[in-house]
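Visitor: Have a look at this one.
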C-alpha cells in the first residue's frame with residue numbers, strides 16, 4: 001500500500017491560552033481568494049468533546065479571520081458558507097502522527113492552503129476543506145496537533161478521535177521510520193475493534209542523496225502492519241493531493257455500502273487496459289498457490305488507495 005512528502009513547525013499561544021488555528025481551504029492549488037481561518041482552543045476538554053457525537057461543531061466554533069491560501073484541484077469546493085455549519089457526520093477527522101521534523105506540518109499546510117508568511121511557521125493547527133473525490137464531495141478536517149504540549153492526555157485522545165490516521169516518517173531519517181512502526185503498534189492497541197484507515201507516509205522523497213529508508217522497506221512495513229503506503233515530497237508537492245484523496249477513498253471503502261463503492265470504482269476500471277486486467281487476474285491466481293507470491297501481491301496493492 002503506497003503513497004509519497006515535507007517539514008514541521010512549532011506551536012504558539014494567544015491571549016494567555018494555548019490555541020490551535022483552524023483554517024479552511026478550497027479551489028485549486030496556487031494563488032486564490034482568501035482562506036477562512038478559525039482559532040480553536042486546544043485543551044483536554046475540546047478533544048474529549050470531539051469524541052462524542054455532535055460535539056465537533058461546538059469544538060470548532062471560533063473567531064473568523066483571513067489568510068493566504070494555495071490552490072486545490074479545480075473540482076474542490078468550499079462547503080462552509082456564511083451562516084452554514086459542519087456536522088460530525090459530514091466531516092472526516094484525519095490525525096497526522098509521527099516524529100518531530102518529518103514534515104507533518106508541511107503536509108497539513110499544503111492541504112490547508114497556507115505555506116507562506118509567519119502563520120506558516122506555527123504548528124498545532126487544524127485545517128479543513130471540502131474536496132471532490134470520484135465525483136462526490138467530502139469534507140476533511142486535518143489535525144496537526146501531535147507535537148503540542150498537552151500533557152499525557154493528548155496522545156491518547158489523538159489516537160481515539162480519528163476517522164483516519166496518517167503516520168509520517170522522513171525517508172532521510174531511519175529513526176523516524178522506526179518511530180512510525182511504534183506508532184502503528186500503539187494505534188492497533190488503542191483501536192483494536194475499529195477498522196480505521198492507516199496510511200504510512202514516507203516524506204521528503206526529493207532528498208535522494210540523503211535517503212536512509214528505501215521504498216521497499218516502507219512498502220514491507222505497510223504490508224506487515226496492514227496499512228497503506230505512499231511516499232511524498234512536501235517540498236515539491238509530490239503526491240500530497242493523492243495522499244488526501246486516498247484518505248477519503250479509504251474511509252469510504254470502510255463506511256459506505258458495497259453498492260456505492262462498486263459504483264465509484266466502475267469508472268476507474270473502465271479506464272484500465274485489458275492487459276492490466278489480465279495481469280491482475282493472473283497475479284491473483286498465482287498468489288493463491290504461494291505465500292511468498294501472496295506477500296508480493298499484497299505489497300504491490302498497498303500503494304493503491306482506491307482499494308482495501
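Any Cβ shown, glycine's included, is placed from N, Cα and C.
What you are looking at is a predicted structure, and each value in this text was computed from that prediction instead of being measured.
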Visitor: Quick check on the annotations: Swiss-Prot lists region 'Calmodulin-binding' for one of 258-277, 278-297. Which range is it?
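Guide: Among 258-277, 278-297, the range Swiss-Prot annotates as region 'Calmodulin-binding' is 278-297.
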Visitor: Relative to the Cβ position of residue 104 (GTP binding site), how many further Cβ atoms are located within 10 Å?
Guide: 33
Visitor: Would you mind ranking the binding-site residues 203, 205 by how many other Cβ atoms sit within 10 Å of each Cβ and giving me the lowest?
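Guide: The binding-site residues 203, 205 were compared, and 205 has the fewest Cβ atoms within 10 Å.
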Visitor: What three-state secondary structure does DSSP assign to residue 104 (GTP binding site)?
Guide: helix
Visitor: Tell me which of the binding-site residues 98, 100 sits in the most Cβ-dense spot, judged by other Cβ atoms within 10 Å.
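Guide: Selected residue: 98.
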